[in-house]
Amino acid sequence: MREAAERRQQLELEHEQALAILNAKQQEIQLLQQSKVRELEEKCRVQSEQFNLLSRDLEKFRQHAGSIDLLGSNSVALLDVPLAPGKPFSQYMNGLATSIHKGHEGPTGHYSVIGDYIPLSGDKLESPCVKPSFLLRSSSPRCRFESEMDDDRSSNKSKHSSSGKVHLCVARYSYNPFDGPNENPEAELPLTAGKYLYVYGDMDEDGFYEGELLDGQRGLVPSNFVDFIQDNESRFAGTLGSEQDQNFLNHSGISLERDSILHLHSPTQVDSGITDNGGGTLDVNIDDIGEDIVPYPRKITLIKQLAKSVIVGWEPPAVPPGWGTVSSYNVLVDKETRMSLALGRRTKALIEKLNTAACTYRISVQCVTSRGNSDELQCTLLVGKDVVVAPSQLRVDNITQISAQLSWLPTNSNYSHIIFLNEEELDIVKAARYKYQFFNLRPNMAYKVKVLAQPHQMPWQLPLEQREKDEACVEFSTLPAGPPAPPQDVTVQAGATTASVQVSWKPPALTPTGLSNGANVTGYGVYAKGQRVAEVIAPTANGAAVELVRLRSLEAKAVSVRTLSAQGESMDSALAAIPPDLLVPPAPHPRTAPPPKPLTSDMDTKDLGPHVKVDESWEQSRPPGPAHGHMLEPPDMHSTGPGRRSPSPSRILPQPQGAPVSTTVAKAMAREAAQRVAETSKLEKRSLFLEQSSAGPYANSDEEDGYASPEVKRRGTSVDDFLKGSELGQQPHCCHGDEYHTESSRGSDLSDIMEEDEEELYSEMQLEDGGRRRPSGTSHNALKILGNSALMGRGDRMEHVSRRYSHSGGGPQRHRPMAPSIDEYTGRDHLSPDFYDESETDPGAEELPARIFVALFDYDPLTMSPNPDAAEEELPFKEGQIIKVYGDKDADGFYRGETCARLGLIPCNMVSEIHADDEEMMDQLLRQGFLPLNTPVEKIERSRRSGRGHSVPTRRMVALYDYDPRESSPNVDVEAELLFCTGDIITVFGEIDEDGFYYGELNGQKGLVPSNFLEEVPDDVEVHLSDAPPHYSHDPPMRTKAKRVSQPP
């Protein structure tokens, strides 16, 4: 009690100490939070002061309109800008474009607004002085770079700022810098697929651009994530986009020469009290001083309107240094040139011979330059009768499923326009713009567009009713969702391996939701001669590997790519030619089979008969130590003897826990369990079982079938048959690895065939008219050795087996290397036929009748085969490919076959035979080269099961150990295995697979059972399992194509 009390006091003391520490930490956290709040409040106060200062500057700018005059005899337009002492004038001009985006960073880290370069009044250069004014975009938290950025980052920024090259881009993919590999993700911009952004200057050495999002965020942009939006036939210059935040520079649109387009990015709002596109502020934009657009006159003004004439004035354009030469102005009336004024004269014109009282005229002014004329609609106005503020001739063109282009004729190019879509304000279009591009619309939907004109100043010369008419409407409907657009720029190059080519393309433009023409893009398909040869399921994929074997089988010279979607496929892209050198098949390599190496065993070979030997190299590769009755040692997969091939690596069974069970005890357990089940079985069910057993398809095969030498006699499927070895000539059940299954390009419909034991497929070819084996020149049966010391002393069974296999006569006997089996260490008292080899490839195999097989999986010997000479000896193939096979498979489990005029070896566990109805059908399959993509598995299975009159036999096994796959199994797919307890009677269907597992049934549940946990029920004990029929005639369920592995206990 005393110790308990002391312990309690100690715990209470520790609890109090922990509470004290917790309180101290909480107080520290609160102090940190309060400090952060105070810091944020201070920043907010500073920003508010700067905002007020900027507002006062803007008021001054509204009162004093800036102007830009043309100076110099070289006809080079220069800005009328007050110069700072010691600062070259060219530096102002070169930095003007990017200063709008980035600004010249002042001493406090803020950005200079364009007002730094705007004169307040006067038409002549004043004394050099400049009053700095800084702009902080408070509503955009990342509108400027942090002051902590390194010097390299700042130098890159300065370099791009001075270049003046601005480009509009669209993000091809979404990108989160914090998920990327770079060490400074805060210096990069997050991207959203389909969104627009601006990049400055050239790409740096790391492949990044200096960029800015439409909300003002700036940072690095990976070049492979963006596409430039620029028409080679159009003059392009990007402008900043107007946003919902308090950006005081109005950014909007793309202006194209004679075809200006404003792109819709997102619903935006601009405070009309701040943004003024009229005469109150200098309307300077990137397109005004860009290199790719013809500068246009600004701010056309109606100075005087008379009955027969009008006087108009304008301001000269802003021409970047080195852009070109502006020679004169053209004054047009209704697109007809009335006069031409030389550059340097007064920017005013008197236009006569007009009837303004009865007619309406459109007056326009354009620049004549060495690089073409400017757009007349960027400097235009209407005069005369019935002039209203609203725009006219609204049109919607280029309507697609998700986009449309709106255009109009402005009453005055100084007016800005507000765009409404379905009565919701969408965006503001700046002055001198008359087109707008809608994106992200919904397919097959009606829209109503309203354009509201906003004059830069009230047109008092117009009557009230004409001033009030300030809007125009138009309606349109988008197209129904249709096929997506095809990919572009398709090319074919050499692939990663010699057996494939790489097809690359540029995906079509997608919306942020992954739509193309309103269709939900799911992937891309590669086609050759109208047949799909490859498919990739990824909306943003830009390439796929295509196996050359398919292209050669189709004799294709070019490929095309289609965009796949839920609404169908697109049209074919432009054909891409396949380089001829890639289509040339490699020269065939004749196979020289190495002589088989005799096998030895630790058993006395005299007990096994004259034809039974064990591979010495296999025995040498075994780890040291005794082998017990049901203990299993993993074989060494790296010590395969010379001359042997490995269709697929072996797998290892789980190990029983506890002491090993001796053979005597195992027999006793099996007998006791069998007798216990037999006593509890009902007589009626036992009678039914006996009737079904006696009526089985193999019951009387001994009496019905005779054997001619040297053929091996086929017996009924009794338990003794399976204890001594199968005589049905069945092909081993080969389980395929996950790598074969997952690489299937068509969902592996064909791979479902492998769920049927492959020995059944082979036996239906080998057995004729009641169970005879097809005649062959030699006897190809071979015995798999159970090289276990526990088999010593069972010479009677070994001798019996030896006698059976020395039964043949009248012809030469062929001996083959014995394939080492997992059962070699299990101490089982029956010999599994899973590794029996049916034949060896004869030198004249091509002279035998050809058989048609279909590939169940993709197979590339270079990457998938464990054999060193795979590239020369083995053939690659694709799932569904038709293969011509000569003869039976050899001792290593390989067929000799032909694909694309090349002979080589084919692993038996990767193909399945097809039974053609006649020669014409066989020729058709060979010409086609591949099974059609839509061939149902049921049709193939019916074909291969036709003529088969036997079912998979069943046997009874007793469990020697408890087995819970969730605890004892080292495999991933534990749900595929059965749970059982010691003494349970399990019905086993067919033979053991090469992994060492049976397919069995217990209490109505079916699954895989490790063979080293089971013991055969003795033949002299009659057992009837009421829930298991004597012959299992149904296909086992799909097995997960995963290699089974285990760890030693």
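Backbone N, Cα and C define each Cβ position, glycine as well.
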| message | Between the candidate ranges 728-750, 820-842, 935-957, where does Swiss-Prot place the region 'Disordered' annotation? | response | 728-750
| request: Examine the ranges 88-113, 244-269, 270-295, 1024-1049 and name the one recorded by Swiss-Prot as region 'Disordered'. | output: 1024-1049
| message | Where Swiss-Prot marks phosphoserine, which residue is it, choosing among SER127, SER140, SER709? | response | SER709
| query | Where does the phosphoserine label fall among SER601, SER701, SER806, going by Swiss-Prot? | reply | SER701
| field | Segment assigned the feature region 'Disordered' in Swiss-Prot (from 22-42, 694-714, 757-777) | value | 694-714
